Amino acid sequence: MTLARFVLALMLGALPEVVGFDSVLNDSLHHSHRHSPPPGPHYPSYYLPTQQRPPRTRPPPPLPRFPRPPRALPAQRPHALQAGHTPRPHPWGCPAGEPWVSVTDFGARCLRWAEVPPFLERSPPASWAQLRGQRHNFCRSPDGAGRPWCFYGDARGKVDWGYCDCRHGSVRLRGGKNEFEGTVEVYASGVWGTVCSSHWDDSDASVICHQLQLGGKGIAKQTPFSGLGLIPVYWSNVRCRGDEENILLCEKDIWQGGVCPQKMAAAVTCSFSHGPTFPIIRLAGGSSVHEGRVELYHAGQWGTVCDDQWDDADAEVICRQLGLSGIAKAWHQAYFGEGSGPVMLDEVRCTGNELSIEQCPKSSWGEHNCGHKEDAGVSCTPLTDGVIRLAGGKGSHEGRLEVYYRGQWGTVCDDGWTELNTYVVCRQLGFKYGKQASANHFEESTGPIWLDDVSCSGKETRFLQCSRRQWGRHDCSHREDVSIACYPGGEGHRLSLGFPVRLMDGENKKEGRVEVFINGQWGTICDDGWTDKDAAVICRQLGYKGPARARTMAYFGEGKGPIHVDNVKCTGNERSLADCIKQDIGRHNCRHSEDAGVICDYFGKKASGNSNKESLSSVCGLRLLHRRQKRIIGGKNSLRGGWPWQVSLRLKSYHGDGRLLCGATLLSSCWVLTAAHCFKRYGNSTRNYAVRVGDYHTLVPEEFEEEIGVQQIVIHREYRPDSSDYDIALVRLQGPEEQCARFSSHVLPACLPLWRERPQKTASNCYITGWGDTGRAYSRTLQQAAIPLLPKRFCEERYKGRFTGRMLCAGNLHEHKRVDSCQGDSGGPLMCERPGESWVVYGVTSWGYGCGVKDSPGVYTKVSAFVPWIKSVTKL
């Protein structure tokens, strides 16, 4: 509409008036009946920049009689075309992706379905029994025919029904440099309008981007109203959580006039949350958002993918990257129509385990020998009742026939099974031919038997269109499960690997905590019965061929989120983890302290030769393995091998269970630094103690771990058991000079500070490490926590005369940042990194008032005050 025609329409009252929103009924926007406007001029409530007037209220006009449902579909959504999709009717409501409309096409508010009385004067266009009791008020079409509709209350207080405006709530971006940015415009009451930028943030922007299928990450921007021309403002103070599927589902206020902050409208910039290395993907030409031709956005333009070697494993990755769960299937030969523009990729060979197509082996960008007749496509069929699959075979083309119903896969009994039934199943799965296979070829299912006495004519397009018994009614056992082998007609189909697997928090990509992606969420595996055979299957699925070792008891740290799987039982020969799961997903009796892990391509500890000893003995404070940060109190798991000088002083087993007594710091191959108070209880007899180096998980023997006897204990001569001053000691390990502990990437010495060095001025980036109190229990894995050094006056004020010049003060003073080093961490190191240099042990954990107590920082022995004494004893 040109500006002149817009102004003329404005003068003639041809534009609708924005009246208000109803916060209870999903903030649906209402306006007056466009067929029966009241006499006189009819202006919108607020147009910028020339007009500001509050909304007018008036009684709703008489309501019309409703015609028969038309055959035409509702108007197409503009942003869907922009995103490369052609909208199709949603089986229950408006076009797929817009099922949240709750206003009729003449502006009446929809009633909640549960609020509609059972007896009506006029019958709606279709049975609505399935919707009774629903608490929402979204427009629906129960029989899938005709336009969506809803009930509303008319001016006389009676309940009537009306068709809905399916474009209501559509959004688009205007005025940006590309389709991923611009001013937000919302379609309501037949007119595109904008949103006031008050309280507009990234959560609101992300909902817009998700609704437009332009990625899940949005950045909030603002645009001056002065550049937008004459346009209504609909909303202000939009308050989205960020996970809504449509802007209509967010809390917001109807625009009541006034002034927007700096007279700015809401705008967004959209991006895909996977980061710049993950290409932007969309599906085009399909009948829904769950299927279509694969198109990638690269170098400023959209292009397609060639179908050479394209299979279901590639489709799984595409569906995962798009956030679409369900069954992934690859389609070939431009099944969803030929695309335009360049062919971006060829020879894509995913394993099915990647999170993005960028991680798959493939050709270079733009290199191919294809035309658009070979454009690749995918379908990501949602797991709704009636979805079918073939399971337990060598690929997606063969196996037990399983049907999804009420959240669970079940089988089909073979009573009365015919070739026509097989034909319908294979055709629905995208294959040309098929035959019934012997049930002995595939492992028996342990789930329910959902269907029996199925009879197809061969003309059905969907398996559930065939006649059958009611769900769950049968007289069969699993020995009668239907098994099928379908023939792809020359197209190779590799095995679909089921849910993806990843390894987390290891020191390299070949080890870590095992996590699986199920139901749209990463979760862990419980270690009940976890063995090297299970680890072998995980490593094989990830593409590793060497020996595999299982790790238990959260060896790589505790995961977050759900525990998906328990009691895995692999023989070691399975193709993927999915073949080993015998228990229902999500059923377990575990905690994250039992998370399972693996090490792939495990060849044990490599022997340390003389060259290794020579190269490492001359350095200190070197961290060969460091990447991330999980907890002492307020801390986090360290990376295995990330603090190679961390050792533990342990009681020998005849004094108990060989338990950890104190932390300590390796200064050289034969000398260890710790706290003097560690020897108060059991004395300073060397027979009572051992030192463990290279340890990470206290209960799991590890390849770099070594327990060494104690040859000598040297406690500072000024230390008194009834005092905390001079709390420092040295321990000489058993062995020839400089040959006590063997250095490796996991065993290295720390550096000493300079004499009288003041770390508050020379060092930053400080950490405490140990196996101590985590706030819940003592940790099995080595913990780390960043900790700030504090001016000594904080501890002098708190501890008075107990704090001396031979001590350091460190910790967080705020209760919500509880970082402290306690109990099992006594004697352990406080390490700081010299800028651009190495790691130095500035403190030895000594004492404090409680653990992580507000206003009670930890006290550490100041190592720089004892450097001459340390060097005189150790000859370093």
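Just so it is clear, glycine is given a Cβ too, placed from its N, Cα and C backbone atoms.
When Cβ atoms from all protein chains are considered, those within 10 Å of CYS150 (disulfide bond) total 29, not counting its own. Taken from Swiss-Prot, the feature disulfide bond covers CYS110-CYS150 (among others).
In the three-state DSSP assignment, the secondary structure recorded for CYS164 (disulfide bond) is strand. Among the features that Swiss-Prot reports, disulfide bond is placed at CYS139-CYS164 (among others), with the record citing similarity to another entry.
Around the Cβ of CYS209 (disulfide bond), 25 further Cβ atoms fall within 10 Å across all displayed protein chains. The disulfide bond annotation in Swiss-Prot covers CYS209-CYS270 (among others) and rests on similarity to another entry.
Among the features that Swiss-Prot reports, disulfide bond is placed at CYS240-CYS250 (among others). According to its DSSP assignment, CYS240 (disulfide bond) is coil.
Other Cβ atoms within 10 Å of the Cβ of CYS306 (disulfide bond), summed over all protein chains shown, number 25. According to its DSSP assignment, CYS306 (disulfide bond) is in a strand. Feature annotation from Swiss-Prot assigns disulfide bond to CYS306-CYS370 (among others); the stated evidence is similarity to another entry.
The annotation disulfide bond is assigned in Swiss-Prot to CYS319-CYS380 (among others). According to DSSP, CYS319 (disulfide bond) is assigned to a helical segment.
Marked as disulfide bond by Swiss-Prot: CYS350-CYS360 (among others). Secondary structure at CYS360 (disulfide bond), taken from DSSP and collapsed to helix, strand or coil, is coil.
Annotation comment: Swiss-Prot describes CYS426-CYS486 (among others) as disulfide bond, evidence class similarity to another entry. Non-local contacts of CYS426 (disulfide bond) by the CB criterion (under 8 A, 6+ apart in sequence, same chain) comprise LYS432, TYR433, GLY434, ILE484, CYS486, TYR487. CYS426 (disulfide bond) falls within a helix when secondary structure is assigned with DSSP.
Under 8 Å, Cβ to Cβ, and six or more positions away along its own chain, CYS466 (disulfide bond) finds ASN421, VAL424, VAL454, SER455, CYS456, SER457, GLU460. Following the DSSP three-state reduction, the secondary structure of CYS466 (disulfide bond) is coil. Annotated disulfide bond per Swiss-Prot: CYS456-CYS466 (among others), in sequence order, evidence recorded as similarity to another entry.
Residues annotated as disulfide bond in Swiss-Prot, with similarity to another entry given as evidence: CYS526-CYS590 (among others). For the recorded site, CYS526 (disulfide bond), the DSSP three-state label reads strand.
The disulfide bond annotation in Swiss-Prot covers CYS539-CYS600 (among others). Taking all protein chains in view, 25 other C-beta atoms sit within 10 angstroms of the C-beta of CYS539 (disulfide bond).
Feature annotation from Swiss-Prot assigns disulfide bond to CYS822-CYS851 (among others); the stated evidence is similarity to another entry.
Taking DSSP states H, G and I as helix and E and B as strand, the domain 'SRCR 3' (388-488) has 19 helix, 35 strand, 47 coil. For 388-488, the entry in Swiss-Prot reads domain 'SRCR 3'.
As annotated by Swiss-Prot, domain 'SRCR 4' applies to 501-602. Helix first, then strand, then coil: DSSP counts for the domain 'SRCR 4' (501-602) stand at 17 helix, 29 strand, 56 coil.
Residues or ranges marked as region 'Disordered' in Swiss-Prot: 29-89.
Averaged over the region 'Zymogen activation region' (620-631), the predicted model reaches a pLDDT of 56. Annotation source Swiss-Prot lists region 'Zymogen activation region' at 620-631.
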Which Cβ among the disulfide-bonded residues (CYS139, CYS380, CYS456) has the fewest C-beta neighbours inside 10 Å?
CYS456
Compile a sequence-ordered list of residues in the same chain as CYS240 (disulfide bond), six or more apart from it, whose Cβ lies below 8 A from its Cβ; state 'none' when nothing qualifies.
SER203, ASP204, SER206, VAL207, ILE247, LEU249, CYS250, GLU251
Disulfide-bonded residues CYS139, CYS164, CYS270, CYS306, CYS370: which have a Cα within 10 Å of CYS110 (disulfide bond)?
CYS139, CYS164
Please report the Cα separation of CYS526 (disulfide bond) and CYS150 (disulfide bond) in Å, rounded to an integer.
48
Out of the disulfide-bonded residues CYS139, CYS380, CYS590, give me the one sitting nearest to CYS270 (disulfide bond) by CA distance.
CYS380
I need the CA-to-CA distance for CYS306 (disulfide bond) versus CYS209 (disulfide bond), whole Å please.
28
Position of peak Cβ density within 10 Å, selected from the disulfide-bonded residues CYS486, CYS590:
CYS486
Provide the number of Cβ atoms within 10 Å of the Cβ of CYS319 (disulfide bond), excluding the reference atom itself.
23
